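Novice: Pulled the feature table from TrEMBL, pasting it below:
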type	residues	note
TRANSMEM	C:32-50	transmembrane segment
TRANSMEM	C:56-77	transmembrane segment
TRANSMEM	C:109-128	transmembrane segment
TRANSMEM	C:135-154	transmembrane segment
TRANSMEM	C:174-197	transmembrane segment
TRANSMEM	C:228-244	transmembrane segment
TRANSMEM	C:264-295	transmembrane segment
TRANSMEM	C:307-328	transmembrane segment
Amino acid sequence: MTTDTAPALGGRRAALPRLVSDYGVYAAVLVLLAYNAVFTPYFLDAGNLRTQLVQAAPIVIVALGMALVIGSEGIDLSVGSVMALAAAVIPLYLGFGMWPAVLMALLAGIAAGLFNGTLVAVVGLQPIVATLALLVAGRGLALVFAGGQLKQLHNPELLALGDGELAGVPVIVLAAAGLTLATAILVGRTTYGRQLVAVGGNRPAAVLAGLPVRRILITAYVLCGLFAAVAGVFATARLTASDPSAIGNLAELSAITAVVVGGTPLTGGRVRVLGTVAGAMLMQLVRATLIKHDLPDSAAQMAQAAIILVAVYVARERRTR
Amino acid sequence: MSDPATILDARGVTKRFPGVLALDHVDLTLTPGRVHALVGENGAGKSTLIKILSGAYHADSGEIVHAGRPVSFARPLDARAAGISTIYQEVNLIPLMSVARNLFLGREPRRLGLIDLRRMNREAAAVLDRYGVHVDVTRPLGTIGLGARQMVALARAVAEDARLLIMDEPTSSLEPREVETLFTVVESLTAKGMAVLYVSHRLEELYRLCETVTVLRDGRVVHTGPLAELDRLTLVAHMLGRELDQVRQEGTTRFGEHRDHTGNPPVMEARGLTKRHVLRGVGLTVRAGEVTGLGGLLGAGRSETAKAVVGALPLDSGTVTVGGRRLRRLSPATAIRAGMALLPEDRKAEGIVPDLSVRENILLAALPRLSRFGFVSRRRQERIVATFTKRLRIKAASPEQKVGELSGGNQQKVLLARWLCLNPRLLLLDEPTRGIDVGAKAEVQALIDELAADGLAVVLISSDLEELVEGADRIVVLRAGAVVAELDGDDVGEHAVMAALAEAEPREEDDRDD
Amino acid sequence: MITDSVAVPTTVRPGRATRAERLASLSQRHGALTMLALALIAASVTFESFATAENLAGIAIQSSFVAVIALGMTFVIIGGGIDLSVGAVFALAGVLAAFGSRWGPVTALLLPLGAGALIGLVQGVLIARTGMAPFIVTLAGLLAARGLMLALTTEGAETPLVPRGSGFLGLGRGVFLGLGVPVWIAIVLCGLGAVLLRRTRYGQFLFAVGGNEDAAGLMGVPVTRVKVVTYALSGLLAALAGMLNAARLGSGVTILGVGMELDVIAAVVIGGTLLVGGAGAVGGTVCGVLILGVIQNVVNQIGTLTSSVQSVVSGAFLVVAVVAQTYLSRAGRAR
């Protein structure tokens, strides 16, 4: 039985949830900004805005990689541990200079992604289980590398990644912006990006169209691992220390939240790059707003829980068309 | 005022889906102790009718009188409670649970509040023994054969005091011997007064088991009555909607004249395509400029043959040769590289990527060929898309519109464009005109002709007999996963195809060979 | 022909498939037990101090809290879901128990258990009624429970203490026949859980829902109710573990339970419960918990190793267990 014509149903009735799901996150960011501009003293201060951006940047970077994986109908729980792994690798090679150390950290991220991707695409494990293993083991491995200790870092080049500026803009913010642009181009313009979305949107169709599904999936996890490693490097530079037990803690939750709130459906087939950035900014603003108004971290966590539920609930409405 | 001898009487049942009238005033009467056949081709409305009777759907109008009272089932559970049990093609049991636990789920024998495992297993073994199933009832259901699983489902239905059993294609994946057992059980159940509605496309089985038949086509009852009075050919004619004495000479399709291409070298040769329960040594040769039709009733293995050729169905054995070179490691990617393309039957599940645009859907398979360093020039993309949008007359607001928002006909054209822009040598079309409107249908048919005239080899699968006969230069008829006839030249005709479909099935060997 | 005379050998297919099948079911049933036995033997041979009553009792008490949570998680995963909130509920329950103990042991018991069951209930209703993914709902539950716990303790700065001499402490610190009370509670609960799973109608329904939700619905299983009950049970058990832990420590420690859900899921999966749902056993979960407990203990015994090695080894065990499971179940299903 073929019953066509579903689009007619979509019509006006579905328009509202769809709008909320697609643009709600931008509206929410604007509302929060407007609210703070009026009620929070010094909020629009350049210094404060800068702080907000710097704090959100690592999560933005991790969330971009996460968005790719979620777009492929997967999930990567290991990003926080991969951040820690990257942080732990840096001091091991810092003797050779900053670039070799950063390179090795990124390689660690790529290796982690390769591991995850192979388990998902070749062995055929569920993404949650496959990446759970590295979530558990990754941080342990990082602590083993680091000898379980926090290491102060003094390499000036590396530290410049954390507090340096280029034309008045913090390097880390520039990096996040650059990666956002790169991801947007990757997803929107390249062959790979479109294939990724096709695999997430309709796997059987992608197989029939002859797409190299395994390679596409593995690449998504590798990119996610790479992005997490980049975030780990920046987090380390900002902390001026390699602290694998703290860096990237619960980053997977923040990243998934940012992606989901940004309107990328967990069922795959869509990657919303700008939405993801807005999602990360929204969570950052919520936290900042609550803190500025002397509401504690606990309230921020509960607010985060509510926002996740609302975002997924609205997206679910749209899916049932 | 219903006849006390009927268990279920459906009158004027009508069901409309957006854009489709699935059932149009359907009447059906079922009697205790009788097996009633329900037949019809794809899209005839069989599954919709079953779902309404079993409570999964709700009829828009019409009434169902069950045991003398009008009923309306809100959920499948209500139908069960009323004694109507449905056994679906894919048996609806829990594969990971043991056979006994499946049989007794929800009615487990208990002692002191706890399930009495020993008694449950003993009783399960005893019950199944009566159905000719001798298995270890503590094994997970998923590890026993499909025939035995059917029996467990049957036994469960009987244990739930079912008065009416609806069986949907119960034999499609059974071994011949398992089919025998099933029939014996069904016969003994009807002897005890059970009413059975038996849905199948296997004529052999229908004549063996059923006393009466209802034929559905396009949502309407086209025939109902005793089966014995109906010869096979007439039954097939009813199913396909062709009247025997008036097979038209001049068709209404947009296909041109038949042509003879036996001189052309074969583009693709498939040999001995075999997959357990699905294909039994299918061979197929396709020549350039020729439209080869694949005929057969539902479940004959037409779609599976097409999928096997392009490597989308893992085979037990068989070879595919394209342009004289045998393909090693069949996969969709190698098939595409060899110049083959399959337009799948299920447009939604295997064809379109609904959230991507028309442009991206058209270029999905071609992207790797077009890209340079991973990028594809937007202008080049737009040029190709514009060419095909125009050639196939795809109606979309813009190339950037999401494919999910288009009508069925336009979605189908987008998929055709996806394959045509690869410039293939062989195009396999599985039900290319099903579920699309009349205008688009004529356009697609004209296009098939045009493509063949340009030298493309085409394999056409269609349940629309007229389309098949007029569109194809040659027809290969399949039944039960094997080629039973090849019609060439003047032999290509509706009558010949129907005769091939209606022929008695060759008595097959039990193929439990491993 | 009459029915009784039909003797059809319906299925049993001798040869390769059956052996693979048997191996698969054997390894799924006893794989975790074998791994545990090997780990115990290896540890006893290598370390003299391992196989002492004192050390083993220590492992038992360490594992008892995880085991209680893992019991609930086993139920949730068999039902085809997942519960990420258990670590946060564990911590919250500890704080609530310590708070409640000011008004006596009864409040110390009821307050955390009530809160845990309520959180589980709400999650279950959201999952069963709205069709949102369990992963997301319980992720929100994790954040909400942790937020609530922080709010109760002035952002984690306060550690509520159980009053000295409170009878409540006996629940955590008491010893009976050489084993701590929490161990006995865990043993009894796991026994009850196994019976619940294999010998009651609810258990059958749970397996059915996890194995094939649609079919279960058609077979008359009250799917919504089964799910809600299961998540409530998981919340209740996580709260019980948190309460016992508070009774043992004498305070509601706020930093506990972070990442605990992952250890618990790992233990359940190592124990042979399929993450896709529909199959699993309490016995396997107990083995999984003990394997992780032994690893932790051994790592602690090797003084030179940091405790982080423990998570590396656990992660490796997890990968091996899951990959083996996948291949074996594929071999078992191959026909």
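Placement of Cβ uses the backbone N, Cα and C atoms for every residue, glycine included.
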Novice: Hey, does the transmembrane segment (C:135-154) touch the transmembrane segment (C:264-295), meaning at least 3 C-beta pairs closer than 8 angstroms, sequence gap 6 or more?
Specialist: no
Novice: Do the transmembrane segment (C:174-197) and the transmembrane segment (C:307-328) share at least 3 Cβ pairs closer than 8 Å, excluding pairs fewer than 6 residues apart in sequence?
Specialist: no
Novice: Using a Cβ-Cβ cut-off of under 8 Å, list the residues of the same chain that are 6+ residues beyond the ends of the transmembrane segment (C:135-154) and lie near it.
Specialist: 82-85, 87-89, 91-92, 95-96, 99, 119, 122-123, 126-127, 160, 252, 254, 261
Novice: For the transmembrane segment (C:32-50), I need the partner stretch with the highest count of C-beta pairs below 8 angstroms, choosing only from C:56-77, C:109-128, C:228-244, C:307-328.
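Specialist: Most contacts with the transmembrane segment (C:32-50): C:307-328.
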Novice: Kindly say whether the transmembrane segment (C:109-128) and the transmembrane segment (C:228-244) touch, using the definition of 3 or more Cβ pairs under 8 Å where each pair is 6 or more positions apart.
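Specialist: Taking Cβ pairs at least 6 residues apart, the transmembrane segment (C:228-244) and the transmembrane segment (C:109-128) are in contact, with 3 or more under 8 Å.
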Novice: Would you mind listing the long-range same-chain contacts of the transmembrane segment (C:228-244), meaning Cβ under 8 Å and 6+ residues beyond its ends?
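Specialist: For the transmembrane segment (C:228-244), the list is 64-66, 68-69, 71-73, 75-76, 79, 81, 83, 85-87, 89-94, 96-97, 108-109, 112-113, 115-121, 123-125, 127-128, 171-172, 181-182, 185, 189, 202, 206, 256-257.
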